[in-house]
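Following this message is one structure expressed as structure tokens.
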Amino acid sequence: VRDAYIAKNYNCVYECFRDSYCNDLCTKNGASSGYCQWAGKYGNACWCYALPDNVPIRVPGKCH
């Protein structure tokens with residue numbers, strides 16, 4: 001498991017405005033919790049805690 005930005009297909013983050021949206025998204029994917037990080041490296045994006053290794057995360061490189 002790891003703490004990371006959860007990713008959609010093609011290495012893109014989930015953009016967000018509310019912590020509740022990210023917490024729901026993260027926990028549905030097996031994480032312990034999550035929140036919406038504002039003005040972070042990838043803008044306003046969901047960050048998950050203890051996300052399982054089989055769930056895609058944002059890695060260096062472009063979002064296609």
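Note: Cβ is positioned from N, Cα and C throughout, glycine not excepted.
Quantities reported herein were computed from a predicted structural model and do not represent experimental measurements.
According to Swiss-Prot, the record shows the following:
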- 2-64: domain 'LCN-type CS-alpha/beta' (DOMAIN)
- C12-C63: disulfide bond (DISULFID)
- C16-C36: disulfide bond (DISULFID)
- C22-C46: disulfide bond (DISULFID)
- C26-C48: disulfide bond (DISULFID)
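Where in this structure would I find these features, and how exposed are they?
Here the Cβ of C63 (disulfide bond) has 12 other Cβ atoms within 10 Å, regardless of which shown protein chain they belong to.
When other Cβ atoms within 10 Å of the Cβ of C36 (disulfide bond) are tallied across all protein chains shown, the result is 20.
Contacts of C46 (disulfide bond) defined by a Cβ separation under 8 A and a same-chain sequence distance of 6+ are given as Y5, I6, V13, Y14, C16, Y21, C22, L25, C26, G34, Y35, C36, Q37, in order along the sequence. DSSP assigns C46 (disulfide bond) to a strand segment in the three-state reduction.
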Which of the three DSSP states, helix, strand or coil, fits C63 (disulfide bond)?
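Reduced to three states, the DSSP call for C63 (disulfide bond) is coil.
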Tell me whether C36 (disulfide bond) sits in a helix, a strand or coil according to DSSP.
strand
